Amino acid sequence: MIDLKLVQRQPEVLAKALADRHSGISVDAFLELDGRRRSLLTEVEGLKSKRNEASAQVAALKRSGQDAAPLLTELSSLSDRIKELDVETTQVKTDVENLLMSMPNIPDSTVPVGADENENVEVGRWGEPRQLDFEPRPHDDIGTALGGLDFERAARLTGSRFVVSLGWAARLERALVNFFLDRHTRHNDYLEVSPPYMVNRASMTGTAQLPKFEEDLFKLAEWDYFLIPTAEVPLTNLHAGEVLEESDLPRAYCAATPCFRSEAGSAGKDTRGIIRLHQFTKVEMVRFAHPEDSFNQLELMRGHACNLLELLELPHRVITLCTGDMGFAAAKTYDVEVWLPAQKTYREISSCSNCTDFQARRADIRFRPKGGKTAFVHTLNGSGLPTGRTIAAILENGQQKDGSVVLPKVLVPYMDGVESIEPR
């Protein structure tokens, strides 16, 4: 959430940010509404002061035996007017809060200004795609032919955009989760967490999935609970309403969880394979940082995601998202994209974002500087990594002419010595 004081004191800064993000929100309209809120509060306070004076006068008249009827009539009118204004004030305050909650985060000055993904900027690349002497097959064809991915049974069990993983595929998913968590906890100093897969409305609001993106979420019909779209939600909200010590920053958490997404608005996109599913497994990284250190932490987190792909021998590139393509809560985002030979392009496999104090302000997560007032922490999140898209990349990049798939060497110990998946 944007700082209201920033809106009031530097409206031109917010106006430019909203324009760069193509949000369509009018700062002038917001300031007019907020002005009405402040005017109402002033008017109500003035009327309450008059009511207090009138009450004192009524008491004095009654003590002296004089007629207080005219003042009682005035007192009644004042009370009625205050009640009317209280109702209007409550509504205007709600409108101000709702409009404030609908504003995206302010982009960092290093973020390129652009309208959409076509204006993102590549900032790094690792590895060279293999030169194949045969036409590469898509991962879903490979996985199905090798007996590991079953889309037909998943469709009968549930519906479209689901998959059943069997045998080596289920084992590979488990191996990836263990490999990712081992790297994060043993080498990158993350604390592993096993959080609930359902969260309440307050938690979803804290990380800014609500109220804007409710249609993208799965909600339990009889409860005000939501299935998590990412472990970012429970991990970030671990410290909701808390004050951390400055000496405890940065804090880093990771978790492997299923993620549930309705994929509203994705009709026709990635209808085949395991790139875009309603349910998938992902290891998430979340960091709480000092405001002066958060962009250093973003570079660190990006490095953690890229290192996993390097160890898996998967060619990839890093891009900085432009203002028009960033997520709602992000001040700066790096997307890491892995090479998929069958699509002859790079596809997103990790997104690492610095949300500055945007989520912390909504979830009320603060820290206590030495000798100073409490301040909001900066929150960061990143994929480290999703198993589905990683399996897709392994299948496509490791495919051989005979139909087999060579596994990355780093996974062999996690697969009990299995080095390749052979045709049945």
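Even glycines carry a Cβ here, placed using N, Cα and C.
Binding of L-serine is attributed by Swiss-Prot to Thr230, Ala231, Glu232, Glu284, and the same site annotation extends, among Ser160, Ser350, Ser351, Ser383, to Ser383. Each of the binding-site residues Thr230, Ser262, Ser351, Ser383 was scored by how many other Cβ atoms lie within 10 Å of its Cβ, and the smallest score goes to Ser262.
Remark: Glu348 (ATP binding site) has Asp335, Val336, Glu337, Arg389 as non-local neighbours, by Cβ distance under 8 Å and separation of at least 6 in sequence. Rounded to a whole number, the distance between the Cα atoms of Ser351 (ATP binding site) and Ala231 (L-serine binding site) is 13 Å. Thr230 (L-serine binding site) has Arg261 as its nearest neighbour among the binding-site residues Arg261, Ser262, Ser350, Ser351, going by CA to CA distance. Under the DSSP three-state reduction, Ser350 (ATP binding site) is assigned to strand.
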